[in-house]
Amino acid sequence: MTEKIAVLGAGSWGSILAGVLDENKNEVWLWTNKESQAKELNENHTNEHYIPGHKYSETIKATTNLKEAVDGASAVLFVVPTKVIRLVAQQLVEVLKELGQKPLIIHASKGLELGSHKRISEVIEEEIPSEYRKDVVVLSGPSHAEEVARKDITLITAACENLDSAKKVQSLFMNDYLRIYTNKDVIGVETGAAFKNVIAIGVGALHGLGYGDDAKAALMTRGLAEISRLGVAFGADPLTFIGLSGVGDLIVTCTSVHSRNWRAGNQLGKGKALDEVIQDMGMVIEGINTCKAAYELAQQKNIEMPITEAIYNVLYNGKDIKDEISLLMQREGKEEIK
């Protein structure tokens, strides 16, 4: 049965997920706050700033009118930058009140809210009371929009405490190149999704400095240990971190030239200033803000996260990357598994 799905956010991932939903025989409305982007998608069926050369289905409808996008939708998918999640949720709840709708909410954004350090599902649940929505489901895992656009094989996770809602999202997105697994551990899935971006900056920096595979593998492995420690402290299942949204997402983000966070770290490793890197990228680098959140949460919980602290020192305290690497290597000997 055809369902109307509203996708909020027409960046790389949002527009490609809209394409998946359209291909799976849904009526898809793609909301953007840019008139020029909506016009390009509707008239040329392209999104050149985000996915150059990709042709979108002519049946996807783009709009800057949130009410038009959401009216009659059985599900609403958030794929907007973390910094505007709360604002968009506030706008959405007013529309839902007016329309008298109660859709399933899905989000595929990765990061934490700046300042509060809250997970994205927490922010959405705060701003959209349960009387105006069904469950909130997290869609996350090792995925690059460019590869899904080419219909490369991709596996990700739909997480919700209510597995029936996770299974609903599974059925909406799954096809012959995109496979969805379900998980009840929302905390673990969102934690892995957010904090892997921090480690990707570090791995990118190692590459920029000319370090080899050994160093990168070590940083990824010890970085995963830090992510797991922090997630478990907040109630996550440790097994989640060896799944798609944990080690899977970490691998793809730390090893691919598609990764914005890896590319940012790579440029830092080559000696570029942070401000210059941000300007050159022209897109959101979630790991920069998430690093600050991870560092502050680790301090609050008294959790040892030396790699995160080193990356924080480079990003926020202007420390030299090579000096931070030396300090990490000079730490006293430790047991690996503890």
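The backbone N, Cα and C atoms fix where each Cβ goes, and this holds for glycine too.
Site annotation (Swiss-Prot, ligand sn-glycerol 3-phosphate) includes GLY141, SER143, LYS196, ASP249, SER259, ARG260, ASN261; from LYS102, LYS110, LYS168, LYS292, the additional listed residue is LYS110. Nearest by CA distance to ASP249 (sn-glycerol 3-phosphate binding site), out of the binding-site residues SER12, TRP13, LYS110, ALA145, ARG260, is LYS110. Looking only at the binding-site residues GLY141, SER143, LYS196, SER259, ASN261, the one with its C-alpha closest to TRP13 (NADPH binding site) is SER143. Reduced to three states, the DSSP call for ALA145 (NADPH binding site) is helix. Distance from the CA of LYS196 (sn-glycerol 3-phosphate binding site) to the CA of VAL284 (NADPH binding site) is 15 Å.
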